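As recorded in TrEMBL, the features of this protein are as follows:
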- 99: Zn(2+) 2 binding site (BINDING)
- 131, 206, 208: Ca(2+) 1 binding site (BINDING)
- 165, 199, 201: Ca(2+) 2 binding site (BINDING)
- 175, 177, 190, 203: Zn(2+) 1 binding site (BINDING)
- 182, 183, 187, 205, 208: Ca(2+) 3 binding site (BINDING)
- 230-256: disulfide bond (DISULFID)
- 244-271: disulfide bond (DISULFID)
- 225-273: domain 'Fibronectin type-II' (DOMAIN)
- 1-26: signal peptide (SIGNAL)
């Protein structure tokens, strides 16, 4: 079953990075690079890989003492009990999809401090996800940039042609920047520190199923309500659903009701990624 990724939340995290990285990371290197990643076989291997990616715990020297101290930082960031122990809640948090950037507490690990050399920043959306209408994506970016304009000196202006300071796109696996995505779940998005060329650009993994906040905006395909929008929450067989589901189907396709009560109205369609 596809994981539903809340677009607004990921977008806010990337824009946090746009501002914080105007003071931190060396451009134009991406926030992270994970060549030759392999799937860990044990909880300890998972923890070492995760803490190396997001907290700088060296793979070759992430001993018990360093691991415990780094785990506490990770647990504090996610509001977990700061035990330093590799408990089940911590493991489950590590397994959840997330953005491909180190946590805010670790931005000071980077030695140089590139920044935008101007306060008026342009952005251009050069690709969209089929999961959301282009108008919805446009509006989400405009509102997210406005949040940061309200509290920083930066001003963001959209352009429709040419090279912008921030080029925004959706892609899968190898998508042209040398830092491929990893399919469903795992990395959700990544961005680059301010700078020329690819610097400042943001990319979203389109193998995820993107939605927008609690009232997900999903236009269905096929079914008997083609082109209409999912209605969340909706009722099916006496149970409430807040996202697309494969309940009642044997083929695994995700679907939703386009009215609040499917049992009464029978109106439905398939969620985009399952119809490609």
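Every residue gets a Cβ built from N, Cα and C, even glycine.
In TrEMBL, annotation is done automatically, which means it is predicted and not curated.
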Cα separation, residue 131 (Ca(2+) 1 binding site) to residue 230 (disulfide bond) (Å, whole number): 12
DSSP three-state assignment for residue 190 (Zn(2+) 1 binding site): strand
Cα-Cα distance linking residue 205 (Ca(2+) 3 binding site) and residue 131 (Ca(2+) 1 binding site), given in Å to the nearest integer: 12
For the domain 'Fibronectin type-II' (225-273), residues assigned helix / strand / coil by DSSP: 6 helix, 15 strand, 28 coil
Rounded distance in angstrom between the Cα atoms of residue 244 (disulfide bond) and residue 256 (disulfide bond): 5
Those binding-site residues listed as 190, 203, and which of them has the most Cβ atoms within 10 Å of its own Cβ: 203
